[in-house]
Amino acid sequence: MRERIITFVSLLLVALLSFPSVSYCDDQTILYESFDEPFDGRWVVSEKAEYQGVWKHEKSEGHDDYGLLVSEKAKKYGIVKELDVDEPLNLNEGTVVLQYEARFQEGLECGGAYLKYLRPQEAGWVPQGFDNDSPYSIMFGPDKCGATNKVHFILKHKNPKSGEFVEHHLKFPPSVPFDMLSHVYTAVLKSDNEVRILVDGEEKKKGNLLSAEDFEPPLIPSKTIPDPEDKKPEDWDERAKIPDPNAVKPDDWDEDAPMEIEDEEAEKPEGWLDDEPVEVEDPEASKPEDWDDEEDGEWEAPKVSNTKCEAAPGCGEWKRPMKRNPAYKGKWSSPLIDNPAYKGIWKPRDIPNPDYFELERPNLEPIAAIGIEIWTMQDGILFDNILISKDEKVAETYRQSTWKPKFDVEKEKQKAEDEAAGEADGLKSYQKKVFDLLYKVADISFLSAYKSKIMELIEKAETQPNLTIGVLISIVIVFLSLFFKLIFGGAKAKVEKKKPETAAETSTSEAKTEEKAEAVAAPRKRQTRRES
């Protein structure tokens with residue numbers, strides 16, 4: 001009984017202690033979408049004709065965790081969720097954290113996975129009409145296609161003078177992770193105009209909303225601009241260097257000397273076949289049966305390399321090679337000297353910018369909804385755990401509890417796959433080294449009688465790599481057989497010479513000649529196979 005009371009009190013204390021924390025998180029969380037349940041009813045798919053992509057409620061590969069899935073390739077997608085709040089989220093007060101997960105399960109070659117944080121729309125707007133023209137306050141997230149590879153952070157800020165909304169892009173944003181793992185993207189906006197971009201909880205970029213070094217175009221225009229009415233004077237000389245007017249071409253400067261001349265010291269290689277053409281007609285070619293001389297013209301056999309040239313240093317007319325002409329100097333030109341009339345590169349004078357204004361704090365548009373409006377060539381993009389919070393600690397808590405466990409599992413799986421692939425590559429590399437060694441062994445001169453057999457074994461092993469060990473054993477046996485033959489059988493073979501066996505010796509010689517021919521042909525065959 002006493003133990004039950006202690007247990008009950010402990011549970012009560014835990015509940016009481018955790019209650020303020022839960023309330024604190026709820027107070028700081030404007031939106032959290034886990035996609036644990038089907039998104040129908042909470043998210044509205046655009047009904048515009050161009051958005052044909054089908055959104056699905058699917059599990060992330062290898063997990064029981066659900067997300068919002070891009071299910072088809074080469075489609076436009078549009079979906080939106082309005083914030084369930086009384087008033088749109090004010091971005092000009094305190095800290096605001098935007099965070100979500102994205103996973104490219106099929107990789108990403110050309111497509112986006114960014115979110116648009118929509119400002120309040122015009123009267124009469126409905127979520128079903130969401131499209132690319134629906135105005136947003138912030139666009140944030142990965143985008144990759146061609147030369148584009150960045151995690152966008154774009155502000156649409158209203159110019160206080162013109163009243164027009166202008167896109168301001170964060171300069172030098174982080175790159176998109178190139179793997180197929182789950183990644184979490186976080187943007188933190190602070191009240192001191194600081195903006196931070198995190199990928200997987202690690203800060204990748206920090207900037208200031210009002211800094212011209214961090215945003216293009218800058219939110220605050222420059223105080224001065226080039227005078228559009230100013231024009232360069234006609235006598236303004238921008239040439240820093242000019243040809244020396246007093247320079248004279250040297251008398252020994254030959255402008256007509258060629259860059260290359262024949263090498264008079266070169267001699268025609270011995271054995272050069274002057275009367276043999278480099279190419280000859282293919283003797284095995286025959287005129288096609290359907291060839292019509294009147295329509296197709298006179299048939300000519302295709303050309304092939306002249307086999308006689310393979311053993312010779314060359315065929316056809318021999319010509320001396322060319323070499324660089326030591327007397328070559330090229331066209332003469334006057335050396336350059338400093339221009340005494342040089343005034344520098346002209347630029348218009350600066351005048352006060354009529355569009356200049358000052359800001360202590362950007363007037364960011366509030367957020368009323370979240371939209372995903374993308375055109376992607378890949379399917380398998382999964383969105384999950386979309387969060388808008390006023391506290392960085394809340395965002396960190398969600399990263400650790402929702403993203404980190406999945407990422408760790410995926411990372412371990414990827415590591416195991418990479419190791420397996422590495423072992424396979426290592427085995428292939430080992431086999432290649434073995435075969436290279438075996439080919440060198442086959443070329444040893446005193447093994448010429450066995451070369452055809454060794455080559456046959458090697459070629460068989462190359463087509464069936466699992467036989468590599470067996471081939472090694474076979475070649476070792478050949479070595480041992482030859483070794484014992486040389487030690488125990490070599491002397492007797494030299495002493496005995498019988499005339500009746502001359503025919504047999506001739507036959508053996510012919511056999512060896514054939515084997516040598518095969519041995520010569522075998523490396524050539526091997527080279528061709530390797531080159532192909």
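We number each residue from 1, going along the chain as drawn.
Here the Cβ of each residue, glycine as well, is placed from N, Cα and C on the backbone.
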Need a hand: Swiss-Prot gives Ser34, Asp384 for Ca(2+), which of Asp64, Asp65, Asp418 is also on that list?
Asp65
Candidate from Glu358, Glu360, Glu373 that Swiss-Prot assigns to the same alpha-D-glucoside site as Tyr114, Lys116, Tyr136, Asp143:
Glu373
Swiss-Prot annotates one residue of Asn132, Asn466 as N-linked glycosylation site; which residue is it?
Asn466
Which residues of the chain, 6 or more past the ends of the compositional bias 'Basic and acidic residues' (226-242), have a CB below 8 A from one of its CBs?
336-339, 341-351
Can the repeat '2-3' (330-340) be said to touch the repeat '1-4' (282-293) if we require at least 3 CB pairs below 8 Å and skip pairs under 6 apart in sequence?
no
Determine which residues of the chain contact the repeat '2-4' (344-354) at the Cβ level, with the cut-off under 8 Å and only residues 6 or more beyond its ends counted.
221-228, 230-233, 236, 238
How many of the residues that make up the repeat '1-4' (282-293) does DSSP mark as helix, as strand and as coil?
1 helix, 0 strand, 11 coil
